[in-house]
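Okay, so here's the structure we're looking at.
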């Protein structure tokens, strides 16, 4: 039954893709006019607000998250701009998942009493170097990871195959937008309305950029304090004058 449903869904996706291909060839689709003019077009919000007078001509506000900032001219070439947009969205989505995975176990362990083998994200991963290895999902009944080199090699191979399939336009995604495929990737139909879809694109990239900065901050915190982000936040709230970024930075300055 499940296989039949999946097959029917896949057939539907291919039929819809064929219909799109048979129709008029689509170019870059501009967002709906009523989708929040504050985020798109020439009158959108700029990175310096009213002081953003001379934004690059190639940043027209056509794409989500365009605040008219490109002082280094990295996106002046259209093909480069297209590649960077794709890379940013993909990394933003990974960062959103990563931030959720970093925060959730520590939150549940600290405030809900949920038992984890190790709730702190970098300490959990470090268990692969222990004698017993790393238990997937914290369950000894599942397969153990005991060799970091083998684990990395498997990840590189699997992710490389998937990314290669995606980049080269595998037949399963034929006719679909590589960044916003929809169809089976939107089972709840959240993007059916064009205005809502345009707004969701902006929300995704804004939150994704915050998530990328957050993950970088989690890495730095782990190196400097040896604690997870939730514990660092609790320490800061308990004693802001002692536990803050400036105090932590002094640990790396030459002593008098």
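Note: Cβ is positioned from N, Cα and C throughout, glycine not excepted.
The model shown is predicted, which means the values in this text are computed figures rather than measured ones.
For 47, the entry in Swiss-Prot reads chlorophyll b 1 binding site, with the evidence type similarity to another entry. For 69, 75, 88, 209, the entry in Swiss-Prot reads chlorophyll a 1 binding site, with the evidence type similarity to another entry. According to Swiss-Prot, the chlorophyll a 2 binding site annotation covers 91, on the basis of similarity to another entry. Among the features that Swiss-Prot reports, chlorophyll b 2 binding site is placed at 93, 143. The annotation chlorophyll a 3 binding site is assigned in Swiss-Prot to 127, 137, 204. Look at Swiss-Prot and you will find 155, 252 tagged as chlorophyll b 5 binding site. Residues annotated as chlorophyll b 4 binding site in Swiss-Prot, with similarity to another entry given as evidence: 155, 166. Taken from Swiss-Prot, the feature chlorophyll b 3 binding site covers 163. As annotated by Swiss-Prot, chlorophyll a 5 binding site applies to 203, 221. Among the features that Swiss-Prot reports, chlorophyll a 4 binding site is placed at 207, with the record citing similarity to another entry. Per Swiss-Prot, the feature chlorophyll a 6 binding site maps to 236, 245; the stated evidence is similarity to another entry. Sequence annotations record features per position, and here Swiss-Prot assigns transit peptide to 1-23. Positions annotated as transmembrane segment by Swiss-Prot: 94-114, 142-162, 210-230.
Features per Swiss-Prot, on structure.
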residue	record	DSSP (3 states)
47	chlorophyll b 1 binding site	coil
69	chlorophyll a 1 binding site	coil
75	chlorophyll a 1 binding site	coil
88	chlorophyll a 1 binding site	helix
127	chlorophyll a 3 binding site	helix
143	chlorophyll b 2 binding site	coil
163	chlorophyll b 3 binding site	helix
204	chlorophyll a 3 binding site	helix
Chain-mates of 69, 75, 88, 209 with C-beta within 8 Å of site centroid, chlorophyll a 1: 65, 66, 67, 70, 84
Surrounding residues of the transmembrane segment (94-114) on its own chain - C-beta under 8 Å, 6+ positions past either end: 120-121, 124, 207-208, 211-212, 214-215, 218, 228-231, 234
Lowest local Cβ density (other Cβ within 10 Å) among binding-site residues: 88, 163, 204: 163
Residue among binding-site residues 47, 69, 252 with least C-beta crowding, 10 angstrom cut-off: 252
Candidate binding-site residues 93, 155, 221, 252, pick with smallest Cα gap to residue 75 (chlorophyll a 1 binding site): 93
Residue 221 (chlorophyll a 5 binding site) versus residue 209 (chlorophyll a 1 binding site) - Cα distance in angstrom: 18
For chlorophyll a 1: widest Cα to Cα gap among 69, 75, 88, 209 in Å: 17
